[in-house]
Amino acid sequence: MAQMQIDPEAGRRIHGKPEPRVHIETFGCQMNEHDSEIMYGILAQMGYVKAQGPDDADLLLFNTCAVRESAVEHAFGRIGQLKPLKYTNPDLIIGVCGCVPQVEGQVERIKRMFPYLDLIFGTHNIHRLPELVERARSERETVVDVWESMGDDFPDILPAAREGDLKAWVTIMYGCDKHCTYCIVPTTRGKERSRPYEVILAEVQELARQGFKEITLLGQNVNAYGKDLYGRHGEGAFDFGDLIELIDRNSPGIERIRFTTNHPKDFTRKMVEQIARAEKVCEWFHLPVQSGSDSVLRRMKRSYNRKQYLRLVGWIRELIPDAVITTDIIVGFPGETEEEFQETLSLVEEVQYDAAFMFMYSERAGTPAAQMEDRLSVPEKKERLQRLMEVQNRIARAKNEARVGKVYDILVEGLDKGKPDVVFGWTRGNILVTFPGDESLRGRIVPVRITRAGTWTLEGELVESPVTLA
């Protein structure tokens, strides 16, 4: 098990002060959030402490997202907004990392837009952060270190300074091999690479010892876990379902297990059966469908069709009747006709999703879809998105209203923002619930009866005295 060796005096040496301060601004998905936790963990071992904000930082990092152009522009806007900090504090080290630098042409764009940056690096060499920060201090030019793939020296174990003490991300694999025609992730995150199950289990058990109650297993395609390490699925090789069973049986203290994100192509009935048997695994499945049209799915290169997707949904409904199913949908993909869009609407009606992330197609340079013709106008895409949202929001509202009067176990996370007498938490199905309570409930699982439903959230009341988690 490869681990990092970190000099605890590095931060002091770089900045000339005993406790240099670091601030990281994170954009994008859970993988980016966890990457930022890892960077905080590495920097803590170098002697850094978290800054209150960017204004009092000695090291400022922007962990960027490239999945849509709007995410890139959001990050760039924030980087430009904080430019004055470099002039008020010339010793401040500013770096840009994450997915955007991995995209062809973006490093040059970043350097052109922000010539005052000290450091640019990507997703594959976070473990080189100590060396990169030292170089950023000593070299006159912007340090650029972007790798095309994850090297063999990438450690299996990385330190992480996690946000909170109840819920934790646990990366089980990196990258994606699917190469959907609209998606930049294989470029930014590389090929699928699984972490050994022994390392994952050890991390989960350590989190349990630290008092964490819930873990989320992370990967761009968790259902492909193990293919690169243990062989093809379906031939007796250790796979994602086996990992779920292993963790479920060997993680005393962990009360809830979640996982994201799934790819329908690799999600087998065997995995659904194993999940159904695992007591700690929550009844929540995020199953990105992207479109309900077979012809659009082919153009997207999603590697499944509508019938196969609905078969997977059927397995879940059969084996886990209370399952909450959510999805991602893209409208306005190149060439999408009204008839194809209607197929997406009919799929949404058929599946009855509990929630959906719905987006207009966003062109990503370097992807095959960017070369496709028959593009829809922005007004057309907006109009279709609005129709889709109306259908999905109606379904979500009705499903939540059906939950009124029912009792759910809620893991309480803390006080609702700005409300000293209201707490919030989540059902096993990943639905947000608020109800009257105080800080003493934090970290407990309590039974809550739902009294009011919104489109996306629920309100409730305590049923009985709270039960402290074991």
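Each residue, glycine too, has its Cβ placed from N, Cα and C.
Residues Cys29, Cys65 are given by Swiss-Prot as [4Fe-4S] cluster 1 binders; from Cys97, Cys99, that same site also lists Cys99.
Long-range Cβ contacts of Cys65 ([4Fe-4S] cluster 1 binding site) within its own chain (separation 6+, distance under 8 Å): Phe27, Gly28, Cys29, Asn32, Ala71, Val72, Ala75, Gly98, Cys99, Val100. Sequence-distant neighbours of Cys183 ([4Fe-4S] cluster 2 binding site) (same chain, 6+ residues apart, CB-CB distance under 8 A): Val67, Cys176, Arg364, Thr367. Of all the binding-site residues listed (Cys29, Cys99, Cys176), Cys99 sits in the most crowded Cβ setting, with the most other Cβ atoms within 10 Å.
On the 0 to 100 pLDDT scale, the domain 'TRAM' (401-464) averages 96 in the predicted structure. Over all protein chains present, the Cβ of Cys180 ([4Fe-4S] cluster 2 binding site) has 22 other Cβ atoms lying within 10 Å. Other residues of the chain with a Cβ within 8 Å of the Cβ centroid of Cys29, Cys65, Cys99, the [4Fe-4S] cluster 1 site, are Phe27, Gly28, Met31, Asn32, Thr64, Ala66, Val67, Ala71, Gly98, Thr188.
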